Amino acid sequence: MQLLKQLFKKKFVKEEHDKKTGQEGMTLLEVIIVLGIMGVVSAGVVTLAQRAIDSQIMTKAAQSLNSIQVALTQTYRGLGNYPATADATAASKLTSGLVSLGKISSDEAKNPFNGTNMNIFSFPRNAAANKAFAISVDGLTQAQCKTLITSVGDMFPYIAIKAGGAVALADLGDFENSAAAAETGVGVIKSIAPASKNLDLTNITHVEKLCKGTAPFGVAFGNS
């Protein structure tokens, strides 16, 4: 912007000189330079604004996932089971139920990437039904999938990725027995199962394969 101001200042001085000498107007080269600088500045502003928006969305996602996780464990862990969720409709009702109980706000229930409520599934742990839960964040681009997992993955002991659609109960397996295979880039990539090959960002293969496939992606973050 400072360079742009200097150019206009020089142009003003030149115009004053031109008036005295009978010459007027900006050269074509000067016009091209000014327009080029304006284009670069505008592109930079747009890029910075988009990065700021993306950062805010990721922060919101992390806060919402943490709030939901805390609400679920405080409300249901002592009861021994989480409410059964046979499908996405039931999973959506579990989310709405936490809102109606005042455990989370309606804003915390929303997926910040698409504005709809996140689904909460209950699934087995060591073959016992409804002993674990998974919060699904759907409708992600590949870039959003990767950034979300690397941003909030440490908050959860279980992570599963679905490529080409939303997470369903059948994608979750067993919290304790479904081994992770992070080298595949999809499916269960983090688990407490003994044979798990959990996501390791120091493993270049894991980094390259993460969120492999076609968007939209869904990511399930689980705990028990």
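Here the Cβ of each residue, glycine as well, is placed from N, Cα and C on the backbone.
The disulfide bond annotation in Swiss-Prot covers Cys145-Cys211. Cys211 (disulfide bond) carries neither a helix nor a strand DSSP state and counts as coil.
Per Swiss-Prot, the feature N-methylmethionine maps to Met26.
What Swiss-Prot records for 26-46 is transmembrane segment, and it gives a curator's inference as the kind of evidence.
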Checklist entry - Among the disulfide-bonded residues listed here, Cys145, Cys211, whose Cβ has the fewest other Cβ atoms inside 10 Å? => result Cys211
